[in-house]
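Here is the structure we will look at, set down as C-alpha cells.
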Amino acid sequence: MDFLDEPFPDVGTYEDFHTIDWLREKSRDTDRHRKISIKSKESYWELIKSLLDAWSGWVVMLLIGMLTGTLAGVIDLAVDWMTDLKEGVCLSALYYSREQCCWTSNETTFDDRDKCPQWQKWAELMTGHSEGPGAYVLNYFLYVLWALLFSFLAVSLVRVFAPYACGSGIPEIKTILSGFIIRGYLGKWTLLIKTVTLVLAVSSGLSLGKEGPLVHVACCCGNLFCSLFSKYSKNEGKRREVLSAAAAAGVSVAFGAPIGGVLFSLEEVSYYFPLKTLWRSFFAALVAAFTLRAINPFGNSRLVLFYVEYHTPWYMAELVPFILLGVRRKTTLLGKYPVLEVIVITGITAVLAFPNPYTRRSTSELISELFNDCGALESSQLCDYVNNPNMSRPVDDIPDRPAGPGVYSALWQLALALIFKIVITIFTFGMKIPSGLFIPSMAVGAIAGRIVGIAVEQMAYHHHDWIIFKNWCRPGADCVTPGLYAMVGAAACLGGVTRMTVSLVVIMFELTGGLEYIVPLMAAAVTSKWVADAFGKEGIYESHIQLNGYPYLDVRDEFTHRTLATDVMRPRRSEPPLAVLTQDSTTVEDVETLIKDTDYNGFPVVVSRESERLIGFVQRRELTVAIKTARQKQDGVVSSSVVYFTEDNPQVAEACDPQPLKLRRILNLSPFTVTDHTPMETVVDIFRKLGLRQCLVTRSGRLLGIITKKDVLRHMAQMMNQDPESIMFN
C-alpha cells in the first residue's frame, strides 16, 4: 500500500517562479551518489558507470567551454563585419570587414595607411565620389539607415521569439543561481535569439557591449548540456554548479580573461560556490579561452581584447590622480521600453555619433585607441605632439613633448564624446535588446582617464620644476603615460557601476596585459567602490534585481534590526489559522480541497489538530502529483480514502472500506525549524547560507507558524522603509 516505494516522474521538480530547496537537492544528490558507490562494487559494468558519472562533470565543462568559445568567436567576427558595413563594403569579398579587406592591399603604405582600393565607402561605390558634401551626406544617411535596420531587426526578433533574450542577463543569472526558477530563460530558443540579436544590437552602434550578454549565452550553453546528463537535469542544485562555471566561461571569452572569469563568477554572480565548482570553472574558462584563441577573431594572435605595452613605469605621486579617477559614480536608469523607444534611441545615437570620429567607431576600437601609448608609428590625433628635431632618442623611449593641434582637437572631441556616452548609455541600458554595460562603462572611464592623463602629462612637461614632478619628471624624459590613465579610468568607472573589486583588477590586467600596473588599478577600483557605496550600497545588477522584484537575498546585505521570528511568521493574529495536514486522519478529498482553495507551496504535517505536534513538511506539487498518479495506477483509491503519513501500515477495518493511500515517502521528516524567540538576524542568515524555501516556527515541539523566503524579503524591505509589495512572486 506504500504507493511510492518506487520513484516516479515529476516528484522533486519545481514550478516556474518558485525557489528550490537547496538542502533537499543536496540530500538527493548524496543519496544518488551513495547508491552508485554501492552498485559499483557489484560488477565491472557498474564500476564503469560510476566512473562515467564521476567524469560527466568534466565532460560538461569541456562542451560548455568549446561551444561558448565558438559562439564568442562567431559573434566577434560578425560584429566587426556588420559594424564596418554601415560605412562601406569590401569589393574583393563582401563578407570581409575593412581590416580583413585591407590586409592584402599592396597600395597601403606607412605614409598613406588609409589607402585601400578594395574597400569603398557607400558614397564612392554609388556615385564615384569619395569627397565633398554630397558624399558626406550620403554616407551619413546610410550610416543612420543601417543602424536603424539592425536595431529594428534585433528588437523585433526579441519581442516576437524570445522576450527573455533582452537586457544584460546577469541580474537574472544571479537570481537563478540563488535558487530561483525562471523556465525558458536559459532555453535553446533564448540562446539562438540572444546570439543573433546581440550581433545586431552591437553593430547598430548603440552604447552597449556584448560582454554581459555573453555570460547569459554561456549559461544557456551550460543549461543545454545539463539536459544531456540526468545527474544535472534532475537536480536543480547540481545544475546551478554547472551554471556558475558557465558564467566564468562567458567572462573568459568576453574579455580574454580566464582567471578573471573564475573570480567574477565567485565574487559577483554565484550564490553557492564549492571547491569542486572552482576547479571546474577554471577548466571551463580555460577551454573557452583556448577555443576563442583558435578562432582568432581579433586577427592579432592574442587572446586579450586591448593589449597595451607601456614603456615607462608608474610613480608613487601618480596614485593621487589614479585615486581621483576612482571618485566617480554612474547611475543608470532602468526601465521597460517599447519597440519605438529602441528605434528612437538608435536614431538619436546614430545621428549624434557620426560627426564625431570618437563616437562613430565601435566602442571597442575607441577604448583600444584610448589605451594605446603614443609610439613613433601611431597616426592617431591623440599622438599629434610637437617633435623636437634636436631630440635623438630610441623609438621605445619617446620623451614627453608639448601637445600639438591634433591633441587639442582630440580633447574637445573626447569631451563631447564623454557627455554623449554618459547620457546615451543611461537611456540605452534596459531596452528590449541584448545590452551589456561593461564596455560602455569602460569607455566613459577611459575617455575621462585619457583627458586627465593628457592634462597631467602637459603639466609635467611645462612645470617639471614643481615639487610634485621634480623627483620623477626630468626634461627630456618620458614620465607620464596618458594611456595608463585611460586604463585606470576604465577600471574605476566599471568598478563604480558594478562594485567589483578583486575580479575587476584581474580582468583589467588580463584584458590589457598590463601586469605591472596592478597597484594603480587596485587603488582606483577600491576608491570607486567606496565613493559609489556612499551613494548607495547596490551595484547596477543588484539595483536591477531590486527593480524587477526578484526574490534575491544578497549575502552582502546586513540585517541589524532587533526583531524576532514571531514578528515575521505567518499566520498573524488577524489571519486564519495555518493550513496543515494530519498524519492519519485526512482524506484524499480533504487534501484536494485544501490544494484547490490555497496557493501555498507546501503544508506542515502534524499529529493532530489538537496537539499541533510537528511531524514533517510536504510539498504542494509532490502531493498533487502523488494523488493524481495514485488514482490512475492504484486500485481502490477514491475521494474518501484516508491519506497516511505514518511509518506503520494502516489497518483496513472492513473489506468495503476504501483503500488507504500511504504517502510517507514524499514527507520531509526533517524540516528546518526555529523557535518563536529566534532573532530575525539569525533567521535571515540561515535563509542566506542554507538557501531555504521556508522555515517552520515551533515552541516545545508545537507548530506555531511558518516563515517563507517571501516573508523574509518583505520584512527586510519594511525595515529599510521600502515597499514590501514590490517583490515579484508567483
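Every residue, even glycine, has its Cβ placed from backbone N, Cα and C.
What you are looking at is a predicted structure, and each value in this text was computed from that prediction instead of being measured.
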Of 55-75, 307-327, 517-537, the range TrEMBL labels transmembrane segment: 55-75
Sequence-remote partners of the transmembrane segment (337-354) [C-beta within less than 8 Å, at least six residues beyond its ends]: 140, 143-144, 147-148, 150-152, 154-156, 159, 204-207, 360, 420, 424, 427-428, 430-433
For the transmembrane segment (437-456), distant same-chain residues with Cβ under 8 A (at least six beyond the ends): 168, 207-212, 254-255, 318, 321, 324-325, 328, 330, 332, 358, 363-364, 366-367, 370-371, 382, 403, 407, 411, 414-415, 417-418, 421-422, 425, 428-429, 480-494, 497-498, 540
Residue numbers, six or more beyond the limits of the transmembrane segment (242-266), whose CB comes under 8 Å of its CB atoms: 57, 60-61, 64-65, 68-69, 72-73, 173, 176-177, 186, 210-212, 214-219, 221-223, 225-226, 232, 272-273, 277-278, 280-289, 291-292, 302-305, 438, 500, 502-503, 506-508, 510-511
The domain 'CBS' (569-633) - residue tally per DSSP class, helix then strand then coil: 24 helix, 17 strand, 24 coil
Residues of the parent chain within Cβ reach of the transmembrane segment (278-295), under 8 Å, 6 or more residues beyond its termini: 57-58, 61-62, 64-66, 68-70, 72-74, 77, 218, 241-242, 244-246, 248-253, 256, 258-259, 261-262, 265-266, 303
